[in-house]
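Notes follow the structure.
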């Protein structure tokens, strides 16, 4: 038997049996007592920390200890403390927010009385009362509400990020309960599924008075939602606290690592291996030495009593060397990397160029661990709606009776500057007091045409004002707010409003308008609703004179077929216009009407009623009925709506693709819409050799289409390496061998001329295991890939596919809840913040409010981050090898006894004081080319994608350089000092002088090296470099001072060494010599590299030096602008019109039934109070509707039950 | 994550749109626009050094031009220094100290004496420094280096009678603390060297050897102190034991000079400053220049008298006596001069090579078109 949950209303005793979680939530991890142990335990789960702890323990064994314990404990304690403080702060805020939430008040019905209770005291089975605009305290079963039919409206922004309202309805029996008295005696029992994290699904049964009622998600109010437009409602707590769907969904996000991280971990492992090797070599040396020399030397240096043979000695010396050589991977590496990334994140947060003043949102780096990966992105997966487009529709052009009006401003602005300036925005106010002031139109001939009373024009706008499902609210006279289901409709109705055909209000049976200043009322006879198959909608109205007319608007493809033959000529002209509009990337609709006689209407009405009442195949019958009347229509014209792109989208895409980043659009939209947007944002161009469309419904057809696309792609190329292989494939035996994906550089050659458009249902097949590679190789050969009609899951699958097979860094960008899966599965997730809800942003790693900021994020911040991180790592490994390997060489001269070369304080401080800041400053502030250059020359991005700046080869070069430096640093002082003496005759070859000389030489050499590596010397860099050098000398003199020695004679035995050593000219000559020997080859090598094989960035920096280049050199992407201009003439042929309604089916029914009339008034009241600035805002809000629809539609195709895909407005519910 | 940010939201957060009506002033005040500072916008003024031919090539020549003269100077200076070295270990059968070296035993109370003759071909002008050198002696071994107690040597009374654990196994002897404790002190070099000049008459003239001023100033005056001052060292060291290998207690190291006894004995201090390498030399004595006209050590025959107390043969060690004069840059050091000349020349040469390469490929570089 499946697990289930039983809840009985108003019966705490009964429910307590099951020990359901209370409504108290706890997201914090620690309390005051557990903090230290738990936090330390967590921290020591990090391998690095444990490793250092292990070293610390080793150092406590006197026979092994080659370093004092503090050389390890100081950095370790530092790291642990910093992390602990950070964790504690985080947890403190979590405590605070937990407390705040837990102490919220809610009204609980206890023994028939409403009592105020804190949220945390609410129990499963309680009935609580919610009021308007309150947060839902727990997952509730809606029992009754103040609204008719037990309806209530919620906003689910916190839950799934969608800010549109959703309708919930109680089961009819409980909605009749009404008041508190009835509710307190309600003792129904709910049996339902156990807690889970599926937001869109609930299944349960209510048992009450010996009857069963099926419960679905439609009856549930989930925690985190907000009640809207509903005075009050009552709900039964089903899931509380941690069991709520909200909390169930708040699982920890997967920890993302960058490729540099992974590389770094590999390298650290290698270094450990190297460390062990060195330890072994030195231990063997120790064994030999102890046997050959040490055993004989015992009269002066006896072996420790417990160590009586050379083998044991060697074993101990191995561990001693592990301790002193561990600095090749110092603990400060990890801390420094974090600090640098944090710095980069702050720069992202602070960037003014990524601040959107309209929505007052700055870019935000929500994760601080991924910055350098931003410089390596190869694939971008983008959502469309809200990401590429603003989801604002504007009525741009129209064709009325064969005449076209309006200008497409976007186009004009780009290409005909002068003409653009001469065009003025139409001012409607003198003509029409009801006009919407935010409406823009740029052709006064249309207004003239309306004014002179052109019949066609008037009929055109009349249609627009009547044929829709928009709701209106008139707060005060003339202040109209439209609430449209899709932004397209809103735009059309608003256009009609401004041209004098104002839709005022509707009732279930009438539509009131103001036509050219005169009020008019139409009787609404029927709404022939929209759906995806019909691609059109119609209304049948009776006007004041009693004439019946059908108005229809729809996709030109379907509508033009249903015209009366006499329209042929007009159809041709309009068709041309439609082509023209489509070429501009506008969304088109054709409009038509048909006059009906009373008899026709009666007849049809009868058949319609029949169909409506049919129980089986109702849908089909209705469709047939609609089909029947939508015939022989008269064409009125066509509209063109601009789906407004986000600002700068085509430019951004052009720049990014010049940076060799491939952009895939994954959208829930229809193919036509997606393709349209593809063209308008320059992803698709008419220059493309071919645009493959994969829309097969079966495995076979998809495979066929993919393969033919692949062969077309390859066959067109001559001398293509894969061509030969491809030729063998056309008749493959099942199962066909998938063509191996060509190597990536070949792909680069191939791409550029093809585009692939694939439908969701085809994608499902293409993503199957055996077709994956085929799909991938085809898709990767294309310059642009658009996947339409994809589900959120498929979005993630596509991302995973690329991640798995291409080993490339992927970035997903989106704004809605449906993008969350893809954002989470990509290496980097970017959320568009500002307009939509917060779900995508919450799941994302970076968020900002405009798509165009992506170019800055990647090309500027990402590039810099990558560059800096690589330079940092190179230098860091170098400096530690130079530092540590000196011990290795010294081992050969000190009997492999693990004697350190340096003072132990130097070893302690080297990584955390003497050399930390300069490299941090470089890692945070370095720049090679200024930000605008990296935007002008997107090619600069390439090194990151190809992983050129830090890879295994670079690592070995750094290591080799470090080892070389260590050789110089040891052997130069060795050669000089062994026979040298001070000017007073005292030999210089004593241990302390040698230590000070080597250490000073080391600090100076690595400082010179960082000076060479630093490409961008800000004040901070100067301070850090000079400060570090200064601090070295200051601290050394302090540690070698007499006063410290007098206090702790046993700790500071280097007393006087600093003065004594550094006063000797020989020492300085030695240091200078060592520095020269270390640096000169590096200098020569770098110079040669720069001179013979300059990188683009080097050239740019140099060029800047030579002559400050004017802007005239030209941004790289500007080139594409001219290309697109060039193609204008040629593109007329490609017609991409589509019925672009992102429209919800079934709204017509809702209107005619009148059920939502109250919704509209309430909703609009609330909207109006919150957003008074006009319909644009309303449309902004509406933007989410489309999103919901894609989302739900997708799920529907997956066979899941979705709340809004079927509107359960009838009182009886379809049982599950 | 989702939950936490949900929680953090104020309950009335949804009405936050309302203040937007409040007017532009309020909105402007709440603007989250990042500050337009050079730091935050990464526009800090900066110096961008570039490795161009104009900077790198001159640098090479400059380094070359600086290093070569310095190297020549160093080389000349080093060559002007007189240095004489003689190995007296007694490895060979015919060497004078062979028998002393062979017959050594720690139990010998009487020193074994031997003398080595040598000839200085050239006179040594100015002050001459006399060193003893040891080879294959691992003063830099980790266990050796740490085997000392600086507190004890600093005159700390408690450390005197209770030395640090680091001194093991030379910490206690017969129940008494060893002073000075540890392996370094225990292995104090205790050969005595005396130098005689044999003049033309064949008479042996003792060359006066100054035994003070051979240690670091800080060692002598800061690091090493006798417990309870320098008076009555016998009493101060009562209750301690001499190191195992020593023949005399620490307060009796220099019978001739009471101020050179105890921990501040300069020979002891010099020994306690451990060497960095297994072959090392330590300053033993200074031969002061007496008159302006005569060289400190005229050329001619000399005799080195050794009281051979220090066994090194067991571990294949060597003992040397070195006489050397000193210049501003210390003792003889041919390596430094040669290294400077070599590095300087290489830089110069590199400069020329790079210049040629640069000129050869200059065309490619100067075009400076940016591929795009």
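Cβ coordinates come from backbone N, Cα and C, glycine included.
Per TrEMBL, active site, 4-aspartylphosphate intermediate is recorded for A:383. According to its DSSP assignment, residue A:383 (active site, 4-aspartylphosphate intermediate) is coil. In the structure as shown, the Cβ atom of residue A:383 (active site, 4-aspartylphosphate intermediate) sits within 10 Å of 29 other Cβ atoms.
The Mg(2+) binding site annotation in TrEMBL covers A:383, A:385, A:815, A:819.
According to TrEMBL, the ATP binding site annotation covers A:383, A:384, A:385, A:489, A:530, A:553, A:587, A:667, A:668, A:669, A:789, A:795, A:818, A:819.
Annotation comment: TrEMBL describes A:730-744 as compositional bias 'Pro residues'.
Looking at the domain 'P-type ATPase N-terminal' (A:7-73) alone, the prediction's average pLDDT is 83. Positions annotated as domain 'P-type ATPase N-terminal' by TrEMBL: A:7-73.
Annotation source TrEMBL lists domain 'P-type ATPase C-terminal' at A:841-1094.
What TrEMBL records for A:713-746 is region 'Disordered'.
If you look at the transmembrane segment (A:52-85), the same-chain residues 6 or more away from its ends with a CB under 8 A from one of its CBs are 35-36, 39-40, 43-44, 304, 306-307, 316, 319-324, 326, 330-332, 334-335, 898-900, 904, 907-908, 911-912. Annotation comment: TrEMBL describes A:52-85 (among others) as transmembrane segment.
Positions annotated as transmembrane segment by TrEMBL: A:267-289 (among others).
Per TrEMBL, transmembrane segment is recorded for A:309-335 (among others).
Taken from TrEMBL, the feature transmembrane segment covers A:872-893 (among others). Within its own chain, the transmembrane segment (A:872-893) is flanked in space by residues 260, 264, 267, 271, 278, 282, 285, 321, 324-325, 327-330, 333, 336-337, 340, 899-902, 910-911, 915, 919-920, 922-923, 950, 954-955, 957-959, 961-963, 965-967, 969-971, 974, 998, 1002, 1005-1006, 1009-1010, 1013, which lie at least six positions past its ends and keep a Cβ under 8 Å from the stretch.
According to TrEMBL, the transmembrane segment annotation covers A:905-925 (among others).
Positions annotated as transmembrane segment by TrEMBL: A:955-976 (among others).
TrEMBL lists A:991-1012 (among others) with the feature transmembrane segment.
For A:1019-1039 (among others), the entry in TrEMBL reads transmembrane segment. For the transmembrane segment (A:1019-1039), the list of distant contacts is 903, 905-906, 909, 913-918, 920-922, 925, 996, 999-1000, 1003-1004, 1007, 1010-1011, 1052, 1054, 1058-1059: same-chain residues at least six beyond its ends, Cβ to Cβ under 8 Å.
Packing against the transmembrane segment (A:1066-1088) from elsewhere in the chain are residues 961, 964-965, 968-969, 972-973, 976-977, 980, 988, 993, 996-997, 1000-1001, 1004-1005, 1008-1009, 1012: each is 6 or more residues past its ends and has a CB under 8 Å from a CB in it. Look at TrEMBL and you will find A:1066-1088 (among others) tagged as transmembrane segment.
Nonlocal intrachain contacts for the transmembrane segment (A:905-925), taken as residues 6+ away from its ends with a CB within less than 8 angstroms of a stretch CB, comprise 67, 70-71, 74-75, 78, 324, 327, 330, 332, 336, 339-340, 343-344, 868-869, 871-872, 875-876, 879-880, 883, 995, 999, 1002-1003, 1006-1007, 1010, 1013-1014, 1016, 1018, 1020-1021, 1023-1025, 1027-1028, 1031-1032, 1035-1036, 1039. Closest to residue A:815 (Mg(2+) binding site) in space, going by CA atoms and restricting to the recorded positions A:383, A:530, A:668, A:789, is A:383. If you measure from the Cα atom of residue A:789 (ATP binding site) to that of residue A:385 (Mg(2+) binding site), you get 12 Å. Classification of residue A:587 (ATP binding site) by DSSP places it within a strand.
For residue A:819 (Mg(2+) binding site), the spatially nearest entry among the recorded positions A:383, A:587, A:668 is A:383, judged by CA separation. Most buried of the binding-site residues A:815, A:819, judged by other Cβ atoms within 10 Å, is A:819. Taking CA atoms as the reference points, residue A:587 (ATP binding site) and residue A:385 (Mg(2+) binding site) are 14 Å apart.
Measuring Cα to Cα from residue A:383 (active site, 4-aspartylphosphate intermediate), the binding-site residues that fall within 10 Å are A:668, A:818, out of A:530, A:668, A:818. The distance from the Cα of residue A:668 (ATP binding site) to the Cα of residue A:385 (Mg(2+) binding site) comes to 9 Å. Neighbour counts were taken as the number of other C-beta atoms within 10 angstroms of each residue's C-beta; across the binding-site residues A:587, A:789, the minimum falls on A:789. According to DSSP, residue A:819 (Mg(2+) binding site) sits within a helical segment. Rounded to a whole number, the distance between the Cα atoms of residue A:818 (ATP binding site) and residue A:385 (Mg(2+) binding site) is 11 Å.
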